[in-house]
Amino acid sequence: MSLFVQSLILGILLGGLYALLASGLTLYFGVMRVVQIAHSAFLILAAYLAWFFATRTGLDALLSLVITVPLFFVVGVGLQRLLITRLKPATLTMMSVLLTFAIALIIEGMLGFVFTGVQRRIHFSYGSASVPLFGAEVPVVKLVAFALAVLALGALWLILKKTGFGQALRATIQNKEAAQLVGINTDRVASYGFGLGLATAAVGGTALAMDATIYPSLHWHWIGPLMAIIVVGGLGSVPGAAIAAMVLGISQSLLQIPLGTTWAQTVFYVALFVTLMVRPQGFFGGRLAQRF
Amino acid sequence: MASEQPTSPAPEPGSETAPRTGAANLLELNGIEAGYGRAALVLRGLTVKVPPRTIVCLVGPNGAGKSTVLRVASGMLTPRAGEVLVDGVDVTRQGPQERLASGLAHVLQGHSVFPEMTVEENIRLGAYSVKDRALVAERTAFVKDLFPVVGERWTSLAGLLSGGQQKQVEFARSLMVDPKVVLLDEPSMGLDPKTTAAVFEQIVTMRDAGTAVLLVEQNARRALETADIGCVLDLGRLHITGPAADLLADPELSALYLGGRPHERT
């Protein structure tokens with residue numbers, strides 16, 4: 001029973017992290033119909049920057065967010081303006097896969113070149129501490145990563161729902177021409193949307209690296225499950241991605257008890273196949289995806 | 001039949017009110033040539049004028065370039081030649097956002113509400129470019145008064161409203177910037193006859209409230225019955241223009257563009 005409770009709690013924490021990692025990925029698609037294969041490469045880049053910051057300054061790696069979040073936002077705006085806008089609208093989704101695949105390879109290559117292929121791990125003063133929770137021992141780093149995810153997702157929700165920019169972004173997603181005609185600069189809004197997606201990758205990558213060993217090609221391990229999450233949740237739906245992430249995170253964690261870690265991972269792909277068979281638009285896809 | 005476009009409206013409702021500035025027309029499209037990409041020109045030297053407090057209606061067969069006129073007027077399409085004047089000011093090189101600030105609001109054909117937002121959010125987005133909160137509150141009260149359904153369905157998702165109600169929300173949204181001219185593209189599209197009649201009444205209401213209207217309609221007879229001035233487009237040119245009532249009464253035009261003689265239809 002205690003193993004079940006432990007797995008359930010770890011599953012919830014993992015689901016929260018997945019929700020953050022997938023939120024940016026579904027946002028790009030919602031705003032611009034862009035499939036951003038390099039999202040997970042940016043997660044790993046953020047993780048490396050956090051590690052580099054911590055080893056060089058001796059400060060807590062979380063403080064690197066002060067630099068990486070604005071940096072990633074600016075990089076995202078630049079990527080959208082300089083590269084994504086050059087893709088033809090008719091083939092945007094397909095071509096964005098190729099373009100961002102190339103970006104992922106470039107990031108991986110640069111990380112290998114600068115930091116070598118050696119596996120790295122960020123050291124926290126509370127790295128080995130754990131707290132008892134409902135009879136289970138939960139590592140503090142996992143709790144902090146979860147808190148970071150909840151905070152970031154809460155901030156994302158507030159931005160989308162309560163700010164003028166968020167309204168403009170949602171209007172652009174729902175009807176681009178009508179958005180232009182009420183005076184919204186939809187190109188600028190789309191580039192800020194891309195920047196916002198990449199800013200979530202800065203937080204997500206740092207949260208991810210709190211409890212994982214990182215290496216340059218680690219992003220290939222992540223992109224599959226994250227893609228599965230956003231398809232199951234409904235492409236473009238941030239709440240859909242969050243709910244799918246939570247369900248799949250808990251499932252994966254619980255399935256590790258009978259199946260072991262390797263086979264438990266297949267839950268993402270099984271869920272992906274089942275979704276494509278019974279509800280191809282995803283569980284919160286189609287028009288629902290536009291409701292935040 | 002007039003072959004020259006009149007520069008001021010026939011003595012129609014609202015004509016006792018002075019225009020906003022000295023310009024005789026709130027919107028003028030002069031000698032417009034426009035098209036899409038490298039394809040042939042859609043508009044070939046078109047001239048249309050919209051006087052204050054007037055409904056000007058563009059009618060014509062499919063492919064005559066009616067919707068293109070509105071796209072050129074609102075800045076969504078840059079003309080290859082010709083000029084666009086708003087209240088006497090040349091706005092030809094301005095984009096949609098600047099045109100909106102200059103006083104042109106464009107309501108697209110079909111449904112163009114933001115369906116997954118509430119009516120309130122839709123209306124507030126209409127004033128996206130207006131920073132003065134007092135002015136936004138004033139305009140909100142104005143459009144709620146003009147279109148009661150807006151207030152009644154204030155917290156509903158706009159996509160859940162009926163077609164006619166959505167149209168009214170779109171009209172209300174376009175009036176939030178207090179435009180000089182509203183450009184309406186096929187407002188009756190997809191609406192049943194009763195709702196269409198209501199929508200045309202709303203267009204008259206908008207004009208009487210002080211906004212000039214440039215209307216594009218497939219439903220030519222119904223539109224001319226509502227409009228003050230009619231313009232018949234054919235092959236990207238102004239074929240004929242004059243008081244809407246005269247166009248309706250012209251048997252030749254009626255046969256060519258309005259689907260038969262009036263007495264045969266009514």
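Heads up, the Cβ atoms here are built off N, Cα and C, so glycines get one too.
Look at TrEMBL and you will find A:6-30 (among others) tagged as transmembrane segment.
What TrEMBL lists as transmembrane segment is A:37-55 (among others).
For A:61-84 (among others), the entry in TrEMBL reads transmembrane segment.
According to TrEMBL, the feature transmembrane segment maps to A:96-118 (among others). Packing against the transmembrane segment (A:96-118) from elsewhere in the chain are residues 32-42, 44-45, 48, 52, 79, 83-84, 87, 215-217, 219, 223: each is 6 or more residues past its ends and has a CB under 8 Å from a CB in it.
Among the features that TrEMBL reports, transmembrane segment is placed at A:138-160 (among others).
For A:189-210 (among others), the entry in TrEMBL reads transmembrane segment. Using a Cβ-Cβ cut-off under 8 Å and counting only residues 6 or more beyond its ends in the same chain, the transmembrane segment (A:189-210) has close neighbours at 17, 20-21, 23-25, 27-28, 31-32, 34, 36, 39, 42-47, 49-51, 61-62, 64-65, 68-77, 79-81, 84-85, 122, 124, 141-142, 144-145, 148-149, 152, 156, 159, 165, 168-169, 172, 179, 222.
The transmembrane segment annotation in TrEMBL covers A:222-250 (among others). Tertiary proximity for the transmembrane segment (A:222-250) is limited to same-chain residues at least six positions away from its ends with a CB under 8 Å from its CB atoms, namely 8, 11-19, 21-23, 25-27, 29-30, 37, 39-40, 43-44, 104, 153, 156-157, 160, 173, 208, 265, 267-269, 271-272, 275-276, 281-286, 288-292.
Annotation comment: TrEMBL describes A:257-278 (among others) as transmembrane segment.
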